[in-house]
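A.B. asks: Structure incoming, see below.
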Amino acid sequence: MEPGGRRGLASAWGPASAPRKPRQEPGPGAEARAPGASAVRARRFLLCLYLVGFLDLFGVSMVVPLLSLHVKSLGASPTVAGIVGSSYGILQLFSSTLVGCWSDVVGRRSSLLVCILFSALGYLILGASTNVFLFVLARVPVGIFKHTLSISRALLSDLVAEKERPLVIGQFNAASGVGFILGPMVGGYLTELDGGFYLTAFICFSVFILNAGLVWLFPWRDAELTSTEKGLPVGKNPALWGKTDCEVQEAAAPCQSRTSGKPARPPWVEVASTLRDMKSLIFSEMWDIFMVRLLMAVAAMLYYSNFVVGLQERFGVRPRAAGYLISYSSALGALAGLALGPILRLYRHDGHTVLLHSSALTSVLLLLHAATHTVAVAVLCASLLAVSTAVGRTCITDLQLAAGGAQASGTVIGVGQSVTAVGRIVAPLLSGVAQEVSPCGPPSLGAVLALVAIFIMSVNRPRYGRGGRDKLKSE
């Protein structure tokens with residue numbers, strides 16, 4: 001049997017080279033080396049994608065913790081700052097599904113390049129924002145096109161086999177997380193220089209331009225060959241280059257719609273169908289899971305959206321030290337993800353109880369952070385909150401998928417992400433209003449929302465026992 005690379009070479013030379021085929025027959029040693037070459041190509045492309053994820057979060061995490069401090073320095077009140085912060089969440093909520101469908105149509109390469117370049121434009125405008133209007137204008141392209149990580153995960157899904165997908169996506173998330181650990185330290189250091197925020201935003205712009213250059217220089221041909229050799233559907237391979245699945249399948253095999261006798265639906269119809277699925281899920285028996293996710297997301301965002309400003313106003317902590325603390329907390333959150341397995345075994349894999357206890361710990365820590373007058377206690381609260389929120393995020397996703405049963409697919413995960421996007425809209429508004437009352441207002445309000453989530457989980461606890469979970473699946 002000829003290797004896949006051998007067939008591709010023959011087709012490239014055309015019929016005139018057909019008589020030379022017997023002379024180019026590879027020996028047994030070449031056949032043994034073919035899988036190794038394929039593995040090297042696949043690993044090389046995956047490492048390039050990991051680097052893109054690292055640079056993306058590295059650049060973003062340099063700037064994002066400083067946004068509230070910068071908009072306040074431009075003369076905006078806490079309420080106005082909250083409204084400005086909500087604009088990003090609103091844009092993300094409506095653009096995430098559309099950009100995802102668009103990347104399916106035009107291809108991962110083109111969509112990834114466009115999203116990176118427009119995000120870079122947003123951070124360039126942010127580096128020149130000397131008033132609130134320019135600040136708001138800078139958030140528009142970022143809010144619409146900042147989907148680099150989502151498209152990268154979709155590209156990983158296109159390239160790897162189903163059995164390898166969780167491991168590869170986990171490695172991608174780990175590489176991205178390292179960027180989020182290093183970024184706040186660099187941003188906190190730079191912002192203390194003269195014109196530090198503008199310098200930080202320009203460096204973030206440069207990182208995104210570098211990322212776009214890397215995507216342009218990617219070994220995309222290796223990705224195509226790897227996808228073919230792994231036996232993935234032919235439609236997934238040319239999606240890297242900008243052809244739709246149906247166009248490729250029309251050339252190689254009957255399109256799926258022909259087999260079923262149904263016409264292919266345009267992208268906007270797919271988007272409308274997805275939105276209907278989201279509505280049916282949100283108003284299904286799983287409403288309380290999504291409500292808990294929303295409440296806990298808003299509680300955590302109230303704490304983190306006001307983190308740098310709160311530390312400066314209450315304890316006089318400089319932005320550099322706040323950046324170090326954010327990086328330290330991010331590292332603890334990553335370690336908490338690794339420790340989740342032993343924690344679940346300790347709780348006998350009762351994810352609902354783990355979520356309940358982590359939410360209770362989050363509520364107590366938020367109250368303690370709001371009431372403390374010492375930096376040491378604030379650092380302790382930040383350390384434990386990084387652990388409790390990381391464990392809680394994983395447990396709520398697992399409970400979501402388990403309770404969804406037959407519906408536990410990409411739609412369920414997508415609805416969860418949309419619920420979190422709603423939290424990104426609500427949290428800055430609530431944070432601005434609460435900060436008008438007191439610098440301790442945002443974490444105090446977060447503690448109250450966490451208590452409401454705990455109450456919902458306690459009332460609905462019988463539904464999430466073993467019998468209750470089976471009942472939910474049947475529904």
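Cβ coordinates come from backbone N, Cα and C, glycine included.
TrEMBL labels come from automatic prediction, so no person has curated them.
Feature table excerpt (TrEMBL):
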DOMAIN    45-465  domain 'Major facilitator superfamily (MFS) profile'
REGION    1-34  region 'Disordered'
TRANSMEM  45-68  transmembrane segment
TRANSMEM  80-103  transmembrane segment
TRANSMEM  110-126  transmembrane segment
TRANSMEM  168-190  transmembrane segment
TRANSMEM  196-218  transmembrane segment
TRANSMEM  286-305  transmembrane segment
TRANSMEM  325-347  transmembrane segment
TRANSMEM  377-396  transmembrane segment
TRANSMEM  408-430  transmembrane segment
TRANSMEM  442-459  transmembrane segment
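Set these features in their place in the structure for me.
C.D. replies: If you look at the transmembrane segment (45-68), the same-chain residues 6 or more away from its ends with a CB under 8 A from one of its CBs are 81, 85, 112, 116, 123, 126, 146, 148-149, 152, 155-156, 159-160, 168, 171-173, 175-180, 182-184, 186-188, 190-191, 197, 200-201, 203-204, 207-208, 210-211, 214-215, 218-219, 222-223, 226, 305-309, 319, 322-323, 326.
Within the chain, the transmembrane segment (325-347) has long-range Cβ neighbours (under 8 A, six or more residues past its boundaries) at 61, 65, 174, 177, 180-185, 188, 307-308, 311, 317, 353-354, 379, 382-383, 385-387, 389-391, 394.
Same-chain neighbours of the transmembrane segment (377-396): 289, 292-293, 296, 300, 303, 307, 311, 314-315, 325, 328-330, 332-337, 340, 343, 351-352, 354-355, 358-359, 361-362, 365-366, 368-369, 416, counting only residues six or more beyond its ends whose CB sits under 8 Å from a CB of the stretch.
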A.B. asks: Out of 80-103, 168-190, 196-218, 442-459, which stretch has the largest tally of CB pairs under 8 angstroms to the transmembrane segment (110-126)?
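C.D. replies: It is 196-218, which has the most Cβ pairs under 8 Å.
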A.B. asks: Same chain only, please: residues at least 6 beyond the ends of the transmembrane segment (168-190) with a C-beta under 8 Å from a C-beta of the stretch. Say none if there are none.
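C.D. replies: Sequence-distant neighbours of the transmembrane segment (168-190): 46, 49-51, 53-63, 65-66, 149, 152-153, 156-157, 160, 196, 199-200, 203, 318-324, 326-327, 330-331, 334.
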